[in-house]
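Written below as structure tokens is the structure these notes are about.
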Amino acid sequence: MADMQNLVERLERAVGRLEAVSHTSDMHRGYADSPSKAGAAPYVQAFDSLLAGPVAEYLKISKEIGGDVQKHAEMVHTGLKLERALLVTASQCQQPAENKLSDLLAPISEQIKEVITFREKNRGSKLFNHLSAVSESIQALGWVAMAPKPGPYVKEMNDAAMFYTNRVLKEYKDVDKKHVDWVKAYLSIWTELQAYIKEFHTTGLAWSKTGPVAKELSGLPSGPSAGSCPPPPPPCPPPPPVSTISCSYESASRSSLFAQINQGESITHALKHVSDDMKTHKNPALKAQSGPVRSGPKPFSAPKPQTSPSPKRATKKEPAVLELEGKKWRVENQENVSNLVIEDTELKQVAYIYKCVNTTLQIKGKINSITVDNCKKLGLVFDDVVGIVEIINSKDVKVQVMGKVPTISINKTDGCHAYLSKNSLDCEIVSAKSSEMNVLIPTEGGDFNEFPVPEQFKTLWNGQKLVTTVTEIAG
């Protein structure tokens, strides 16, 4: 009896230690108030590991950096928690219809918009590249609606982030290692998510085959509905009983019909002979008495929904900006201006040109770098740039260097003419996802010769590696 008592006490102590460890783990993950994980689906537990690993590291470093990066990280964290709630729902409930599914995804979609809007509202931020990296890739949270290839979709978003994280690395690699660690932590979220999707949701979000149809998100850290699916809707009322009289009538009519059919040719004996004076095409007088001929019923067409025309929302015009903010020249929202000039520049200053339309800008002196973003029909003339000139998300841009520039980068741009000076003939032209690019080389007579930048390539496997060459289209 004493041995049994000792065994019970040892078991109780062991259980107590396990509960303490479990509680500490939950507190560490920040989900102590979330539903119990004892019965959580394996892919929910795996997602929790992702939250406790790279996500927690990203949040920690973002908090150390502070400012806009920390605020942005908190928004990302909210989006990930909403995604976890959807995973809990999917693990317990069946997939709803398409229109209901969009309602379930709405909170995640709204959070994605909030993250993107934060970047747009803080274009003057000193940490704008950090915000852009997050904003360009946060749509990866939408993988839950992507089928049958959610994994490649996340990779595409991750690649979009790297365009800006490379800038962060270039700016901080010799200045502050904390920002380098931030880049590694943030990108690891999406690489880990790709591995997670490959293991649990290869062709799309895996829904439960049993349980009620999902109606709302469950598994949120707080809220009365956390951890359980909504109760199933009540069954539809039974159809009204069919009248026995109508049943007997239909049965009798059907029997009569088959009886007449079974008569064979003898059924024609009951038909009356129609003489010529009874035929309308033989007797015009009878045709005149018969009145207008009725047309048959029109084929069914679904009624068009009557929608009241919604008034067009007046787009708010942003104020034009031309100012020096710290070490950044901001040129924004300029339209139909042909004489903009920036003078008194310094080597450490940069220029950011955003949303300018049909505008010409001249930058005098030597400057660190120039970025042209989301501009149309922009003419840019500058003297010297020691770093890089970047053209992003723009259309019909003309750039002329009077002095020297080492690199011109063209990304997601349709129509770009780069006029080089004699001192810039060794300039590197780097392009991606762009079209109608031309480089103009000066001649001895003062004119320019135009050379198109290749847009079409051919790639072959030579047995050891891929070899890519330019493909020329024969005209």
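Cβ atoms are placed via backbone N, Cα and C, with glycine included.
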The candidate from Lys81, Lys113, Lys209 that Swiss-Prot records as N6-acetyllysine is Lys81
Please report the number of other Cβ atoms within 10 Å of the Cβ of Lys81 (N6-acetyllysine).
-> 18
Which of the three DSSP states, helix, strand or coil, fits Lys81 (N6-acetyllysine)?
-> helix
For Lys348 (SUMO1 cross-link) and Lys81 (N6-acetyllysine), determine the Cα separation and express it in whole Å.
-> 41
